[in-house]
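Below is one structure; the comments refer to it alone.
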Amino acid sequence: MASIFQIEKKCPQTGARTGFLFTRRGVIETPVFMPVGTQASVKTLTPEEVSGLGARIILANTYHLFLRPGHELIARHGGLHRFMNWPRSILTDSGGYQVFSLAKLCKIEEEGARFQSHLDGQEYLLTPELSMEIQAGLDSDIRMVLDTCIPYPCSYDEAKRLTELTHRWEKRSLLAWQKNHRESLVFGITQGGMFEDLRRYSARVIANFDFHGHAIGGLSVGEPHDLMIEMLEASLSELPEEKPRYLMGVGTPQDILEAVSRGVDMFDCVLPTRNARRGTLFTSFGKISLKQSRYKDDERPIDPECQCYTCRNYSRAYLRHLFMAGELLVYRLNTIHNLHFYLCFMEGIRDAIRKGRFEEFKKHYYERKEESEC
Ligand SMILES: O=c1nc[nH]c2cc3[nH]c(NCCN4CCCCC4)nc3cc12
């Protein structure tokens with residue numbers, strides 16, 4: 001498989017590295033955070049605003065778009081890029097996790113995941129082949145194999161059974177992709193539950209298929225932070241360094257920093273966008289919530305060190321007023337700020353690695369993280 005990933009600089013003290021990921025719709029600097037655009041929209045922002053914040057790849061969900069408006073409609077309208085006016089790269093998750101976390105009465109069978117739509121209760125069978133067909137209709141640039149996301153907690157035997165089923169689904173996914181999807185990239189997903197031996201086993205099996213990149217799945221599913229890191233390390237230890245590693249659904253700035261230190265290149269998480277709509281804002285000194293009355297009369301920006309449009313033009317008092325009044329503008333202003341924070345955080349990580357100062361960057365982050373709120 002042609003190399004679609006080029007490592008630029010490695011941190012001598014940790015596993016952190018910068019690199020470039022090449023899709024047919026552009027070059028992506030890594031480590032990268034992918035804003036989540038589940039239903040063909042990064043909620044409350046236009047594609048121009050998302051691009052203007054520096055995003056070069058977003059995530060969309062196969063499960064949601066299959067159920068509504070349907071991948072065939074989107075295909076008739078020229079594919080997802082045309083449909084949502086986003087010309088840059090799109091990664092589509094395959095639906096396994098959403099079926100596990102959203103659908104009703106989900107039954108995992110050898111053939112696929114049988115579930116009832118959370119929208120209207122209609123029954124579907126999502127197979128590896130159908131998942132690839134949907135992602136082809138969406139015409140996404142990076143397509144994820146169909147996997148089962150193993151719940152937490154889960155017994156060893158059940159985790160082993162679901163991991164081996166996932167491996168069979170991934171083989172079928174890859175065969176389906178090889179048949180008529182070669183214009184895109186295809187990533188495998190490791191599982192293994194919270195068992196170190198299964199994590200290593202799954203990573204070895206997935207690494208032996210011929211994927212462009214490897215995702216670490218089944219984490220950030222409610223497990224303690226330390227267990228997530230332990231399972232991440234076990235998975236990474238068996239994945240080839242020369243291919244991109246993608247930690248699915250992660251995460252907080254701290255989780256991202258710890259995962260970058262261990263050699264993860266790609267991230268996605270709803271936190272910046274979802275928290276924005278809940279009035280929770282990320283800052284260089286921790287998080288603040290507009291629900292707190294202390295901001296009622298506070299003329300300062302969310303974060304005095306932030307240069308985003310929101311921080312250059314609006315006060316905490318104004319944003320809190322909008323939030324308490326239910327004014328829709330606040331969802332946009334908060335999302336602009338939180339996505340700017342995450343994308344700037346990633347640029348800071350890349351810059352620090354390139355300058356050989358990643359350890360210093362990490363130390364500075366932890367020093368500031370618990371600063372008393374300003
Ligand atoms: O194992 C997975 N396979 C396919 N997609 C996934 C997506 C995932 N997303 C997460 N976690 C998302 C956690 N997120 C944190 C912020 C609040 C909402 C939930 N784990 C995942 C595992 C998988």
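Cβ from N, Cα, C; glycine included.
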Binding-site annotation, TrEMBL, substrate: partner of Asp93, Ser94, Gly95, Gly96, Tyr97, Asp147, Gln191 in Gly70, Gly121, Gly213, Gly218: Gly218
Region 'RNA binding' according to TrEMBL, located in which of 249-255, 291-297, 298-304, 354-360: 249-255
Additional site residue, His321, His337 [criterion: listed by TrEMBL with Cys306, Cys308, Cys311 for Zn(2+)]: His337
Of 48-52, 108-112, 163-167, 273-277, the range TrEMBL labels region 'RNA binding': 273-277
Listed binding-site residues with Cβ under 6 Å from ligand 1, out of Gly96, Tyr97, Asp147, Gly218, Cys308: Gly96, Tyr97, Asp147, Gly218
Remaining residues near the recorded substrate site, that is with C-beta within 8 Å of the centroid of the site residues Asp93, Ser94, Gly95, Gly96, Tyr97, Asp147, Gln191, Gly218: Phe100, Met144, Val145, Leu146, Thr148, Cys149, Ile189, Gly217, Met248
Other CB atoms within 10 A, centred on Gly95 (substrate binding site): 29
Recorded positions listed as Asp93, Asp147, Asp268, least Cβ neighbours within 10 Å: Asp268
